[in-house]
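Chemist: Copied straight from TrEMBL:
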{"type": "DOMAIN", "residues": "41-513", "note": "domain 'Major facilitator superfamily (MFS) profile'"}
{"type": "TRANSMEM", "residues": "42-69", "note": "transmembrane segment"}
{"type": "TRANSMEM", "residues": "81-98", "note": "transmembrane segment"}
{"type": "TRANSMEM", "residues": "110-128", "note": "transmembrane segment"}
{"type": "TRANSMEM", "residues": "134-156", "note": "transmembrane segment"}
{"type": "TRANSMEM", "residues": "168-190", "note": "transmembrane segment"}
{"type": "TRANSMEM", "residues": "210-229", "note": "transmembrane segment"}
{"type": "TRANSMEM", "residues": "307-329", "note": "transmembrane segment"}
{"type": "TRANSMEM", "residues": "374-395", "note": "transmembrane segment"}
{"type": "TRANSMEM", "residues": "427-447", "note": "transmembrane segment"}
{"type": "TRANSMEM", "residues": "459-484", "note": "transmembrane segment"}
{"type": "TRANSMEM", "residues": "490-509", "note": "transmembrane segment"}
Amino acid sequence: MAPPCSVSMVFSVEPIKAPQWQKRSHSYEEALELVGYGRAQILLVMLSGFAIMASINEAMGLSIILPASQCDLGLDPGEKGMIGGAIFLGIMASSYFWGFQADTRGRQVVLKYSLIVTSICSVASSFANGFVSLMVLRFITGVCVAAPSATVYAYLGEFCTPSRRVQLISYASVMPSVGIIFVALVGWLTLSFEWSFPIFDTITYKPWRLLFILYTIPGLVAGIVFFFFPETPKFLLSQGREDEALAVLKWLYRINHGAGSEGNYKVEALRTEVGEVKVETQTGLLGVLKSMKDQTVPLLKFPYLKYFLVSCVHSASAFTIYGGLGLWFPQIMNQISSDPSDGTEICSVLQQQPAPTNSSILAICESSVEQDTFIYTAMLGVFGATYCITLSFILRKFKGSTMMVLNMTTAGVAGILLQFFTNSYLVAVLFCVQIMFAGICVMLVNARAVSLFPTHVRGMAVSLVNMIGRLSCFTASAVIGLLMTQNCPLTFYFLSGMLFVSAAVTFLLPPEE
């Protein structure tokens, strides 16, 4: 009897051990590590970069379009400021909605449709015939472009391992600077022509109208390409769609390792991480309101409340400089370059009162854009792109939090120093340092938010953080010009103080992995 018993023991144990080994589940981060790094990540970075570029084109493009269109549309300085701020108001007003949609419907779905509708609104903007119509269309454009301006960070970040996340988002963040160069060069070329032709009784189509369409092309291309890219495996896993998540991971593996290689991918099961919550899409008004509450309440509890508040401080400071001051940069530099006096400090130039004149402002309307405006705008973009690429390599050695403190501090110091120099080129360089070093922090705070918040509230958190940033951007774009003419030194000291405070609160965040 003994031999059969021993044989039975052998056969009863081995079949159990084999499936346990083969079906061992992996965490999501382990599964991403096994995917490897290659063509898939490069394609995702490029696609995400074009989506980020779309929001920059829509906002910065107005700094070129508005001066060229002011005579045709009869815009005064106050109306131009309102139109320039309308897109930021649209972004701010819709960020909460897009965060909810990204966390319940999916990142990819939100990105592809919002980018397409953004392009439609931009095309419609080229046919605006007055202040009201253009402001409304720009507001709607802001509502739509709010989705890619925030959701894309969650989309790209969820395809990246923690060790490469900040670096890859930094690569994608080169594209906003490319967008600034694109806006300057395309505007310079297009506005060099003087053609016009009537299409309606009240509308004559001119080069400045064409710019709305040209500036939206990168976003339109990104929106179309998103139809051919998958949802993030992390989101699918949070929805309980494990098979679909595995299929996407195998797709990534195949892109990285070649056709037919997905059979070599060893992950067969994914396990939900501790603390993750399965998100269920609710229907009906009450269901939607409950879902929005469920996604918002966790952000108001510790430790997420502290992380959220610190992220909001970072976002507000970065957007105030990058968006608010950046929007005024071409006009400020144009005023400095055209100043007849030599060796005058920037604040003395900006606080000069215009000489009285007997001619009516409305009698002569000047709608040409000075060549210096394009040169300095392109210079800002080149500086930003160069620094973004450099930072991508630096982030291999340093943590994102370290670079946040360094960038905020450097931007603050540059904002103070530029007041004491008289050479316009040196002032422009210090302006570029202040604006672009702060602008990089927009990327850093979004990349950090991806790791600070769990999947089921990540889209909401990133969107709300960006909403606070856009609110500060709108406020800054509306008042910076006025404040500088009233008390220029105090304005620069205040902006630098914001950056120093933002650098200090970084130490309240937990250490990065």
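Cβ coordinates come from backbone N, Cα and C, glycine included.
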Chemist: Do any residues of this chain, six or more beyond the ends of the transmembrane segment (210-229), have a C-beta under 8 angstroms from a C-beta of it, and if so which?
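Modeler: Distant contacts of the transmembrane segment (210-229): 43-44, 47, 50-51, 53-55, 57-58, 61, 64-65, 68, 108, 111-116, 118-119, 122-123, 125-126, 145, 148, 179, 182-183, 186-187, 190-191.
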Chemist: I'd like to know the mean pLDDT over the domain 'Major facilitator superfamily (MFS) profile' (41-513).
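Modeler: Averaging the confidence scores along the domain 'Major facilitator superfamily (MFS) profile' (41-513) gives 83.
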Chemist: What else in the chain is close to the transmembrane segment (307-329), if you only count residues 6 or more beyond its ends and a Cβ gap under 8 Å?
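Modeler: Counting only partners 6 or more residues beyond its ends, the transmembrane segment (307-329) has Cβ contacts under 8 Å with 59-60, 63, 84, 88, 299-300, 376-377, 380, 404, 408, 411, 415, 431, 434-436, 438-439, 441-442, 444-445, 448-449, 452-453, 461, 464-466, 468-477, 480-481, 484, 495, 498-499, 501-502, 505-506, 508-509.
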Chemist: Out of 42-69, 168-190, 374-395, which stretch touches the transmembrane segment (427-447) the most, going by CB pairs under 8 Å?
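Modeler: The stretch I would name here is 374-395.
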Chemist: When you scan the chain for residues with a C-beta under 8 Å from the transmembrane segment (168-190), skipping those not six or more beyond its ends, what do you find?
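Modeler: That would be 41, 44-46, 48-50, 52-57, 60-61, 63-65, 152-153, 156-157, 160, 207-208, 210-211, 214-215, 218, 369, 371, 374-375, 377-378, 380-385, 388-389, 391-392, 395, 436, 439-440, 442-443, 446-447, 450.
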Chemist: Counting CB pairs under 8 Å, which listed stretch among 42-69, 81-98, 134-156, 374-395, 490-509 touches the transmembrane segment (459-484) the most?
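Modeler: Out of the listed stretches, 81-98 contacts the transmembrane segment (459-484) most.
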Chemist: What else in the chain is close to the transmembrane segment (490-509), if you only count residues 6 or more beyond its ends and a Cβ gap under 8 Å?
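Modeler: Residues 306-307, 310, 313-314, 316-318, 320-321, 325, 347, 401, 404-405, 408-409, 411-413, 415-416, 418-419, 438, 441, 448, 452, 480, 483-484.
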Chemist: Below 8 angstroms Cβ to Cβ, which residues of this chain, lying six or more residues outside the transmembrane segment (42-69), approach it?
Modeler: 75, 80, 83-84, 87-88, 91, 111, 115, 118, 122, 138, 141-142, 145, 148-149, 152-153, 155-156, 159, 168-169, 171-176, 178-180, 182-184, 187, 191, 207-209, 211-212, 215-216, 218-219, 221-222, 225-226, 229, 255, 323, 326-327, 330-331, 367-369, 373-374, 377
